[in-house]
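Trainee: If you scroll down you'll find the structure; I have some questions about it.
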Amino acid sequence: MRFDKLTTKFQQALGDAQSLAVANDNPYIEPQHLLLAMLDDAEAGVGGLLARAGVNVPALKAGLKQAIDRLPRVQGHGGEITVSRDLANLLNIADKIAMKLGDEFIASELYLSALSQDKGEAGRLLKEHGGNHASIQAAIDAVRGGESVNSADAEGQREALKKYTMDLTERARQGKLDPVIGRDDEIRRAIQVLQRRTKNNPVLIGEPGVGKTAIVEGLAQRIVNGEVPESLKNKRLLVLDLAALIAGAKYRGEFEERLKAVLNDLSKDDGQTLIFIDEIHTLVGAGKADGAMDAGNMLKPALARGELHCIGATTLDEYRKYIEKDAALERRFQKVLVGEPSVEDTIAILRGLQEKYEIHHGVDITDPAIVAAAELSQRYITDRFLPDKAIDLIDEAASRIKMELDSKPEAMDKLDRRLIQLKIEREAVNKESDEASQKRLKLIEDEIAELSREYADLEEIWKAEKAAQQGSQSIKEEIDRLKVDMEELKRKGDWQKLAELQYGKLPQLEARLKEAESAGDKGEAKPNRLLRTQVGAEEIAEVVSRATGIPVSKMLTGEREKLLKMEDVLHQRVVGQDEAVSAVADAIRRSRSGLADPNKPYGSFLFLGPTGVGKTELCKTLASFLFDSKDHLIRIDMSEYMEKHSVARLIGAPPGYVGYEEGGYLTEQVRRKPYSVILLDEVEKAHPDVFNVLLQVLDDGRLTDGQGRTVDFKNTVIVMTSNIGSQQIQAMATDDYQVIKLAVMAEVKTQFRPEFINRIDEVVVFHGLDEKHIQSIARIQLKSLENRLAKLELSLQISDEALALLSEAGFDPVYGARPLKRAIQAELENPLAKAILAGKYPPKATVMVEARNGQLAFA
């Protein structure tokens, strides 16, 4: 017979049989070799077919191995191994059966049919282990499903649904799906579409994370529980794995064959199977090559006729981008819009999921944590959607507590490290024999004994707490498994067994859980001394703070005191601007105490004043105060935005322009660091159109970038600086602050539009600096020089006369404090640099600076 008439799987099995014969030094390929090779190939399906026919497959494999060991061996046989006469006869019989059935190719199961009638060793073993001809023939008919084998890969296309889909209803039966809370309207609308005569294919469209896949899981749970109309009862809901369909399709037409096999299996089911395709937009263009059809086009006829009950899910953007472009595909689906749930609905969803997450992590999730997760995620995580972002917070906070439970508590870890340190020291001191060393050794021994006792006490408490926690955890898991069993019994209608579990075993387990939890409470004088086992609102706030950089968690006492004394801290670097410092400090205190308007930035200020009086310095100081670093200061020099088109640099270029994908400078910075100080320096130099962009930022705390994404500015402090009104401030230096402010505001109104000024929280006028202020600034500047000298192991002492001389040299009422820096460089740093290079000051020396004859003198 011709071997090219065998199917691909049969040819592979024959090749494997040849390898078996070679490995065993057998001169011929016997029927036993071929049958064992078929059983060893898990993908061939022969093992499953024989199991269906009632054959004990493991015992058969063991018998075949023994039979092969008894076959004659030929050492050093270098010739080609050929098919034995017995196997050739069996293959010819299989060929005859194939002709009778009208098959173009000989499939593996026909060899089994021939073998079941054979009287040789392999046939005898098959019968011995339960394989009679009638049962094997019945199993073959069931697997073939009345179809002919007309392609070499026909065996690979069998049971396509099993290979390329996952049964969601089966997972629901096993209790592996999360409970679906709410979403009744969307599920009802999907059922309504599924019951139509034609085009009965709903597609769920919504933003990422709103719960589209959860709706399908909810439908699977309702089908399992029988909470659906009669026409949907007992149906299967399968998830199509498109990646598995495409994976390994090497030749043209292979992907199409697989998809056709899936569609054929579905059509055989007479509408008893619903298919769910997640990310349905991937169908468009899937498997398309030159001249080939893509998956979307192959599905269209079945979708239109109503043969294929398909549920799709995709996001709004991808639906518009892929599905809407293909009008023929779009009309075959009915849209079901899935909106973002409200905060209240999200809280209900989280309460439903609470038990699953508690069992998974082995921690308790409190109700305040659930409320905090919904509210904080809605307020601070603006670029994602509920309920996904709230679930993420709960999951991460619980994961953090679980990680702490699995590792050694911090208090014990510190003691452990200290003990190791002392033991090393003891070994070193032990080698010394003098009296001082012996005294030190005695002290070390005493400390080690004391710390060891403390460590042992803590370890005992830790073990007790951990044991209590693990005990209650195992009971919770048992209760969860029991509830799944009860649901299954309820579906089967086994009321007697259900009553036994519900009124017998379940109350016992709940009583044990209550006992374990109450015992834990009594046994601990200080509850949770070492282990945190609860996720509270504070833990959720910590996760939000870590993810966004926004301080959401409760203020510690130290931070409260720091905020109350904020003016003093700012005055350490900003001299003589009391009104400005107070305005900024009040804005920060409002935000941290929770009184600030949540829909606006923390504060928006316009700083007006002459050059060099501390406008920019105050912003830098504020950033350092809030974040302990200047990195969170987003500084934009508005002199770079003098042209009309430069607005695009702030928010990103519009579609069609170069740089569209890159995003805007301001919007990208704020997206990465939502909690920051934004400094718009020299704001009057920008083009008037730039201010139009800032209007919505100042009013609503939001800005839409070039790509249509909304960027949240609600956690920023916006400061604009300008030199407008400098001349009036200089001229009216001695007048009252309010009089100066009115005069400056008159000039501001000529420069900026009323709607822009009206949106700014406070316009702050900075005073010009007098000689006393300059002297204070000189001290601050010299402090910086002292720090630089300290790195060189030098110290600096400057007399009051020398300081006055420097201040006088650096005082210029027009230019503010900037000339002072230049004066310090020229009068102090330059001569000092020469002296250091000349070797005048060795390490640990003190540089004395005094005033002599109107000049600075070094000693």
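Placement of Cβ uses the backbone N, Cα and C atoms for every residue, glycine included.
According to Swiss-Prot:
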| type | residues | note |
| --- | --- | --- |
| BINDING | Gly206, Glu207, Pro208, Gly209, Val210, Gly211, Lys212, Thr213 | ATP 1 binding site |
| BINDING | Gly609, Pro610, Thr611, Gly612, Val613, Gly614, Lys615, Thr616 | ATP 2 binding site |
| COILED | 391-525 | coiled coil |
| DOMAIN | 3-146 | domain 'Clp R' |
| REGION | 6-71 | region 'Repeat 1' |
| REGION | 83-146 | region 'Repeat 2' |
| REGION | 159-340 | region 'NBD1' |
| REGION | 341-549 | region 'Linker' |
| REGION | 559-768 | region 'NBD2' |
| REGION | 769-859 | region 'C-terminal' |
Trainee: Can you give me the residues near the recorded ATP 2 site, meaning same chain, not Gly609, Pro610, Thr611, Gly612, Val613, Gly614, Lys615, Thr616 themselves, Cβ no more than 8 Å from the center of the site's Cβ atoms?
Mentor: Phe607, Glu617, Thr721, Asn723, Phe766, Gly816, Ala817
Trainee: Of these binding-site residues, Gly209, Pro610, Gly612, which scores lowest on Cβ atoms within 10 Å?
Mentor: Gly209
Trainee: List, in sequence order, the same-chain residues at least six positions removed whose CB sits under 8 Å from that of Val613 (ATP 2 binding site)?
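Mentor: Set apart from Val613 (ATP 2 binding site) by at least 6 residues yet with Cβ under 8 Å, we have Gly576, Gln577, Phe766, His767, Gly768, Leu769, Gly816, Ala817.
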Trainee: On the 0 to 100 pLDDT scale, where does the region 'C-terminal' (769-859) sit on average?
Mentor: 78
Trainee: Can you list, in sequence order, the residues of the same chain other than Gly206, Glu207, Pro208, Gly209, Val210, Gly211, Lys212, Thr213 whose CB lies within 8 Å of the CB centroid of the ATP 1 site?
Mentor: Ala214, Thr315, Val338, Phe385, Asp388
Trainee: Looking only at Cβ atoms, how many others are within 10 Å of the one on Lys615 (ATP 2 binding site)?
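Mentor: For Lys615 (ATP 2 binding site), the 10 Å Cβ neighbour count is 28.
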Trainee: Using DSSP, what's the helix, strand and coil tally for the domain 'Clp R' (3-146)?
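Mentor: Each residue of the domain 'Clp R' (3-146) counted once, the result is 95 helix, 6 strand, 43 coil.
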Trainee: Around the C-beta of Gly614 (ATP 2 binding site), how many further C-beta atoms are within 10 angstroms, looking at every protein chain?
Mentor: 26
Trainee: Please tell me which one of the binding-site residues listed here (Gly206, Pro208, Gly211, Lys212) sits closest to Gly612 (ATP 2 binding site), measuring Cα to Cα?
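Mentor: Checking each of Gly206, Pro208, Gly211, Lys212 against Gly612 (ATP 2 binding site), the shortest Cα distance is to Pro208.
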Trainee: Quick one: of the binding-site residues Gly609, Pro610, Thr611, Gly614, Thr616, which has its CA closest to the CA of Val210 (ATP 1 binding site)?
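Mentor: Given the candidates Gly609, Pro610, Thr611, Gly614, Thr616, the nearest one is Thr616.
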Trainee: When DSSP states are folded down to helix, strand and coil, where does Pro610 (ATP 2 binding site) land?
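Mentor: In the DSSP reduction, Pro610 (ATP 2 binding site) maps to coil.
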